[in-house]
C-alpha cells in the first residue's frame with residue numbers, strides 16, 4: 001500500500017482509501033444480513049422436517065436447533081409463513097448461531113448460474129492470492145541474500161535500482177536467483193496442496209503476532225527517521241495515473257467478506273455487531289493511513305519498494321542486524337504459513353464447483369488433477385513476473401471487486417426476496433443492514449461494474465507492466 005499511495009498522490013490516496021473503506025463496510029453489513037437470513041431458513045427447514053417426521057405432535061411443540069440439517073441444493077423453500085413460530089417466545093429465528101459460508105449462501109439464494117459465477121470469482125481471487133504469495137517470498141529472499149553476498153551489503157533499501165540481469169552471486173543473475181528461490185518454494189510448500197492442512201490455530205496466532213510486530217516496528221522506525229529530520233519523501237497531492245493500482249491494492253487490503261462467517265458466528269452477543277464492525281473499519285483505516293503516510297514522507301517515491309518491509313533492510317535506517325533481517329524476511333515466514341492453507345482452500349473450491357449430487361471423483365482426479373490445476377497456474381505467473389504491485393492491483397480490481405462489492409450486494413438482494421417469500425412481508429431481519437434501502441444495493445452494483453470498466457480501459461489504454 002505505501003508504494004501505491006506514493007504513486008497516486010497522498011490526497012487522492014486518502015480520499016479513495018476512505019471511500020473504499022466505507023464501501024467495504026457497507027457490503028460487510030450486507031453479508032451479515034445474508035448470514036442471518038440463511039440461519040433463519042435453515043431453522044425453518046429443520047422445523048418443517050420435524051413436522052413431516054412427527055405429524056401427530058402438537059404444532060406448538062418446541063424445536064431444537066440441534067436437529068439434523070436439511071440440505072436443499074438449489075431448490076427454493078416452500079412458501080408457508082412461520083410468523084406463528086416467532087410468537088412462541090423462542091429465540092429470534094434470525095439469530096446467527098450457525099456458520100454459513102458464502103458458498104452455502106450462494107447455493108441457497110442464487111440460481112445455478114449465479115452459484116457457478118460465485119465459484120469462478122472466488123477461484124480467480126484465490127489464484128491471484130497464490131500468485132502474489134509465490135512471487136513475494138522469492139523476491140524477499142532475492143533482495144536480502146543478493147545484498148548480503150554482493151558488494152552492496154545493507155543497500156537493499158537505499159534507493160539503488162537493480163535490474164534483473166544484474167549479478168547476484170558470481171555468474172548468477174538476480175532473476176536466476178529469484179527463479180531458484182521460486183523453485184525451492186514450490187518444491188517445499190507445493191506438496192501440501194495434495195494433502196489436507198489441519199490444526200493451524202497456533203500457527204495462525206503466531207503469524208498474526210509477527211504481522212503486528214513488523215507493522216508497529218515499521219511505523220516506529222519511520223517516525224524516528226522523520227523526527228530526526230532525515231525524511232526524504234516529498235509526495236505529490238495527486239497523480240491520476242496511479243489510481244488503477246491504488247484501487248486494486250485498497251480493495252485487496254479491505255478484503256474480509258469471504259471470512260465473515262468464521263469471524264461473526266463465534267461472537268456471543270451480536271446485537272451491536274454492525275457497530276463493532278464499524279469500529280474495526282475505523283481502526284483499520286487509521287492504521288493503513290498511519291503506515292502509508294509515514295512511509296511516503298520517510299522515503300523518496302522512487303525508493304519505495306513493492307514489498308515495503310525491504311525498505312528497512314538498509315543499515316542507515318536501522319543498524320540492528322536482527323531487526324533488519326526480521327523485517328526483510330518477514331514475508332517469507334508469514335506467507336509460507338498461509339500458502340498451503342489458501343492452496344487447499346482453492347483445491348476444495350474446484351472440487352465443489354464440479355461436484356454432482358451422489359457422485360465421486362476417481363482417485364487420479366481427486367488426488368492429482370485438482371491439486372495440479374491449483375498449484376501450476378500461480379507458479380507459472382510468478383515465474384513470468386515478480387511485479388507485486390501489478391499482481392495485487394489486478395487481483396483486487398477484478399476478483400476482489402466481485403467478492404467485495406458484487407456478490408454481497410446480490411446476496412443482500414436475493415436473501416431479502418427469499419425472506420419475504422418464505423416468512424411473509426411483515427417479518428423483519430434483526431440483522432438488517434443499516435443500508436436497507438434498495439438504492440444502496442443498486443449503488444454498489446453500479447460502482448462495482450463501473451470499476452470493472454474503468455480498470456479494464458485503464459489497462460488497455462496504458463502500457464502494460466506485466
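We count from 1, first residue shown onward.
The backbone N, Cα and C atoms fix where each Cβ goes, glycine too.
When the ranges 232-253, 254-275, 276-297, 364-385 are checked against TrEMBL, the one recorded as transmembrane segment is 276-297. Residue ranges 89-108, 109-128, 129-148 are listed, and TrEMBL annotates 109-128 among them as transmembrane segment. Looking at 416-438, 439-461, the range annotated in TrEMBL as transmembrane segment turns out to be 439-461. For the transmembrane segment (178-197), the most Cβ-contacting stretch among 12-40, 209-226, 276-297, 317-346, 439-461 is 317-346 (pairs under 8 Å). Where the transmembrane segment (12-40) meets the stretches 109-128, 209-226, 276-297, 317-346, 439-461, the count of C-beta pairs under 8 angstroms peaks at 276-297.
Same-chain neighbours of the transmembrane segment (439-461): 23, 26-27, 30, 243-244, 247-248, 394, 397-398, 401-402, 405-406, 408-410, 412-413, 433, counting only residues six or more beyond its ends whose CB sits under 8 Å from a CB of the stretch.
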